[in-house]
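**Q** Sharing the features that TrEMBL gives for it:
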type     : residues  : note
TRANSMEM : B:36-55   : transmembrane segment
TRANSMEM : B:67-84   : transmembrane segment
TRANSMEM : B:96-115  : transmembrane segment
TRANSMEM : B:121-140 : transmembrane segment
TRANSMEM : B:182-201 : transmembrane segment
Amino acid sequence: PHASKKHDEL
Amino acid sequence: MNIFRLFGDLSHLAAIAILLLKIWKTRSCAGVSGKTQLLFAVCFITRYIDLFLHFVSLYNTEKVMKLIYISASVFTCYLIFFKFKATYDGNHDSMRAEFLIVPAAGLACLINTKFDAIEILWTFSIYLEAVAILPQLFLISKTGEAETITSHYLFAQGSYRALYILNWIYRYHYESHVDTIAIVAGVVQTILYCDFFYLYITKVVKGQKIVLPA
């Protein structure tokens, strides 16, 4: 799994 | 988007709406911690700071949701500290918010994915949200009881992050997406509700009121 670059959650 | 995240966000919206309705209808914020609501407002503003930095065309629901969260939480603080200030239970809302803000800010500077302003603010917001409910739980333990409507608010508020944990499991499994900081903070946040969840499920669901010590 890759750590998400952009936070796409509220 | 998956079902867990959808219901998580809906549960969060429901919590905000329940609290607003309670204060507006009863014209009182008795039993509500103003500090917790202030901390939530700080969380939303620091997390969605990008809305202020560059103009956003409100074309997608995510931007609209962020604006709803910010405006609703600020409006709730306005109701508590201004409009219905006379009903604010300041004596029992006595947990020192600084003891939550300072460690969250310090930890955000130490443990983050990238040391830049926006990322630090986002990390601070995540850490702060994990503990933001403490003044509210503290107030209930001091007053020894919680109004039924306030219990529903807390249940919705606690369920939102619990559902997000399911969302993170789903995304790990199907999208191999991991956001460790949000996951760890979200687990801590949900654990803080366990005691309340137990009381809610054993009492409120049966129509009884939550009275402490249980």
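Just so you know, glycine gets a Cβ as well, placed from its N, Cα and C.
Just so you know, TrEMBL annotations are computer predictions that nobody has curated.
Describe the structural context of these features.
**A** Sequence-distant contacts of the transmembrane segment (B:96-115) (same chain, at least 6 residues past either end, Cβ-Cβ under 8 Å): 35, 38-39, 42, 121, 123-124, 127-128, 130-132, 134-135, 181.
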**Q** Sort out for me which stretch, of B:36-55, B:67-84, B:182-201, has the most Cβ pairs below 8 angstroms to the transmembrane segment (B:121-140).
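**A** So the stretch in question is B:36-55.
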